[in-house]
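To start, the structure itself, in structure tokens.
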Amino acid sequence: MLRVLGTMSGTSLDGVDVAEIESDGIRIGGFGRNAYRPYDDRERRVLAAALGRWHGPEVEAAASVVDAAHAEALAPLGPADLVGFHGQTLAHEPRGRGTLQVGDGARLARDIGCPVVWDFRSDDVALGGEGAPLAPFFHFACAKWIGAQAPVAFLNLGGVGNLTWVDPARTAPEDEGALLAFDTGPANAPLNDLVQARLGQPMDRGGALAARGQVADGMLETFLADPWFARIPPKSLDRNDFAEMAALVEGLSDADAAATLTAMSAAAVAQGMAFCPAPPARVLVAGGGRHNPVLMRMLAASLDCPVDPVEAAGLDGDMLEAQAFGHLAVRVLRGLPTSAPGTTGVRAPVGGGRISPAHAAAAPGD
Ligand SMILES: Nc1ncnc2c1ncn2[C@@H]1O[C@H](COP(=O)(O)OP(=O)(O)OP(=O)(O)O)[C@@H](O)[C@H]1O
Ligand SMILES: CC(=O)N[C@H]1[C@@H]2OC[C@@H](O2)[C@@H](O)[C@@H]1O[C@H](C)C(=O)O
């Protein structure tokens, strides 16, 4: 077992999560301390200005912010045997220009004095995969860790939503039929954008605004008519792929618009559940969206099984993604795959990720 620090800087651009995990890449040995290092307003603006870009000064500025914030976030928990550094996704077009997570793992390894695994998604995309989601191989280990006896679904509600269906009866995550994973659709991003634009607030905290509104007639049908929902998984989204949702609710009151966008996120999940090979015994929810009781109520009403925060199974829903990249880092180090046809649509199980040693290798002649 290695003692690993996994990091995640998610699409919401709120900050860097760091989670300590013991893992041999197959089994979880235990969880440890966590840290969170929020981005300040200036940093968030720098990151937001680089979203959707592939190169140029904005991307370089964002990369510097990401590197510095991660070095700061990791310092209190280090040193560790290994760091799994996801970085910040700026652009994601798996069937087009590729996928870009900024942050320089080689530099981070030198700064913090630990080996770093990074750039987890590029190889999967190069082999025809979606490059996301990657947490499913960790969800498989989680299903074993919590002792699940029947299929279980992990739902992450971040800026985007993603669902992993796990059959815990299988031996390994790369086995055929062990996993099915895909992004369900937009989760919190459109709602965040709405309350930011209209009220200057970063989120609909506690679902307070949506709770006062009504879901507008006919809007869910219009939303679900998007070809995305009929597309067979695996499939993945960029944060802004559903930016046109803002226009759909433009004429509504603040509360009705919030209620409608929240209902759309829940409807996207319900729609996605139909792709699961068998109904899961329960849905365990991670990510910030589980703190929104309106969204959780809407989900519970539209799904046919219990919907609980992952805490109900003894996991930490704020840290699951960071833990995932710690676990995946060990898999990369051991040459084990991190994605498979059922998780990203890649042609065959694939590893990926770059490994940077703590100290730069001596140049020839040194
Ligand atoms: N108390 C709360 N009430 C309502 N919504 C909340 C609350 N706390 C968090 N959220 C929502 O969750 C979002 C953050 O979720 P999370 O940290 O899981 O996203 P992320 O990891 O950045 O995204 P992704 O998983 O897509 O990369 C916030 O932007 C907000 O929309
Ligand atoms: C390209 C990218 O960064 N995708 C993220 C994003 O955030 C949620 C969803 O969209 C998921 O596909 C993925 O992250 C999680 C951690 C994953 O790879 O499993």
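Cβ atoms here come from the backbone N, Cα and C positions, even for glycine.
Nobody curates TrEMBL annotations by hand; they come from automatic prediction.
Quick caveat, the model's predicted, so the values are computed rather than measured.
Taken from TrEMBL, the feature ATP binding site covers Gly10, Thr11, Ser12, Leu13, Asp14, Gly15, Val16, Asp17. Around the Cβ of Leu13 (ATP binding site), the number of neighbouring Cβ atoms within 10 Å comes to 21.
What TrEMBL records for 341-366 is region 'Disordered'.
With respect to Cβ neighbours within 10 Å, the binding-site residues Gly10, Gly15 differ, and Gly15 shows the lowest count. In sequence order, Met8, Ser9, Tyr39, Gly158 are the same-chain residues whose CB sits within 8 A of the CB centroid of Gly10, Thr11, Ser12, Leu13, Asp14, Gly15, Val16, Asp17, the residues recorded for ATP being left out. When the binding-site residues Thr11, Leu13, Gly15 are checked against ligand 2, Thr11 have a Cβ within less than 6 Å of one of its atoms. Screening the binding-site residues Gly10, Leu13, Gly15, Val16, Asp17 for a C-beta under 6 A from any atom of ligand 1 leaves Gly10. In this view, the densest Cβ surroundings among the binding-site residues Asp14, Asp17 belong to Asp17, judged by other Cβ atoms lying within 10 Å.
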